[in-house]
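Asker: Below are the structure tokens for one structure; questions will follow.
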């Protein structure tokens with residue numbers, strides 16, 4: 001009625017009041033089943049008997065009784081009410097990304113994701129938290145953030161009871177129980193629990209370190225690594241060991257430290273049987289068996305299995321000693337060197353595992369010297 005009335009006003013009325021008789025005439029002309037008896041509704045729904053003044057309203061109402069037409073994905077059980085939504089979903093299976101960022105070239109499956117991404121380049125954050133004023137690029141991020149104020153964690157892991165603010169957080173966590181790692185690196189085939197984990201890992205191959213320390217200009221691949229590093233400037237150590245009282249700057253350092261008390265070494269080399277506290281230590285050790293040395297000194301050509309080993313080695317050429325003793329001012333090229341030196345001032349004995357390493361080095365050195373003497377003879 002409203003549409004017909006607007007049309008009638010546009011075509012025939014110029015500053016003229018619109019009477020109830022005019023409206024009745026319009027309805028009669030648009031609805032052949034309409035009766036002139038005011039208030040009587042003759043168009044009735046055959047399903048629920050609800051009555052309507054005209055057929056168009058009845059037709060719209062009838063759609064609520066019809067089962068919704070669904071569009072099903074041929075690759076998975078998911079269904080959609082609109083064909084356009086199915087088309088967008090199908091790009092997940094085909095890998096098609098039709099929308100490209102003109103700034104960085106990154107591609108997306110739908111336009112909404114592209115628009116959201118563009119805000120990274122423009123710095124636009126149109127969605128604001130009414131509680132603390134923090135701004136976000138997506139409205140969904142505001143909803144997730146609000147739970148940090150309310151403390152609400154509605155998603156609970158049925159295995160360990162851990163709670164999460166978002167469903168995706170729970171889904172990612174569940175993979176730690178199942179061992180599923182669906183996100184794989186195309187360069188080295190390493191797999192990850194989350195897409196964010198994979199994205200951070202890819203920066204290693206690209207050499208990207210987008211997070212910079214404002215105090216020393218050191219750069220990092222992840223925001224969490226930067227946060228841990230910042231504590232070295234503030235001397236903040238929020239994680240305290242309940243056994244020895246030592247303070248640690250990050251949770252990962254705390255977890256690693258606790259294993260020194262328990263003696264736990266869950267990562268074992270399948271070649272020689274040697275065990276390690278951390279998986280990264282095992283990965284480093286494996287290069288001893290493969291002989292892989294990816295990092296080469298540009299000055300003397302010496303090869304190293306780790307980038308940090310190359311960095312330390314380069315100091316032998318530059319003479320750099322970035323670690324200084326606060327007691328006597330002596331400088332060292334490595335942090336381990338400084339820590340060993342500090343025991344002279346504190347009188348602290350080195351840990352048993354370090355003593356065994358020192359003993360191994362002494363044996364190797366003696367064997368080397370013995371071989372050298374025998375060769376000279």
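Even glycines carry a Cβ here, placed using N, Cα and C.
Sharing the record's features from TrEMBL:
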- 43-70: domain 'C2H2-type' (DOMAIN)
- 71-98: domain 'C2H2-type' (DOMAIN)
- 99-126: domain 'C2H2-type' (DOMAIN)
- 127-154: domain 'C2H2-type' (DOMAIN)
- 155-182: domain 'C2H2-type' (DOMAIN)
- 183-210: domain 'C2H2-type' (DOMAIN)
- 211-238: domain 'C2H2-type' (DOMAIN)
- 239-266: domain 'C2H2-type' (DOMAIN)
- 267-294: domain 'C2H2-type' (DOMAIN)
- 295-322: domain 'C2H2-type' (DOMAIN)
- 323-350: domain 'C2H2-type' (DOMAIN)
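What does the local environment look like for each feature on the list?
Answerer: Here the domain 'C2H2-type' (43-70) returns a mean pLDDT of 77 for the predicted model.
Long-range Cβ contacts of the domain 'C2H2-type' (99-126) within its own chain (Cβ-Cβ under 8 Å, at least 6 residues beyond either end) map to 88, 91-92, 135-138.
With a threshold of 8 Å between CB atoms, the same-chain residues lying at least 6 positions outside the domain 'C2H2-type' (155-182) that come near it are 144, 147-148, 191-194.
Distant neighbours of the domain 'C2H2-type' (183-210): 172, 175-176, 219-222; these residues of the same chain sit at least 6 beyond its ends, with a Cβ under 8 Å from one of its Cβ atoms.
Among residues of the same chain six or more beyond the domain 'C2H2-type' (211-238), those with a C-beta under 8 A of the stretch's C-beta atoms are 200, 203-204, 247-250, 252-253.
Within the chain, the domain 'C2H2-type' (267-294) has long-range Cβ neighbours (under 8 A, six or more residues past its boundaries) at 256, 259-260, 303-306.
Counted with DSSP, the domain 'C2H2-type' (295-322) comes out as 12 helix, 4 strand, 12 coil.
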Asker: What is the three-state DSSP composition of the domain 'C2H2-type' (127-154), stated as helix, strand and coil residue counts?
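Answerer: Split into helix, strand and coil, the domain 'C2H2-type' (127-154) gives 12 helix, 4 strand, 12 coil.
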Asker: Looking only at the domain 'C2H2-type' (267-294), what are its DSSP counts of helix, strand and coil residues?
Answerer: 12 helix, 4 strand, 12 coil
Asker: Going by DSSP assignments with H, G and I as helix and E and B as strand, what are the residue counts for the domain 'C2H2-type' (71-98)?
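Answerer: Counting residues per DSSP class in the domain 'C2H2-type' (71-98), I get 12 helix, 4 strand, 12 coil.
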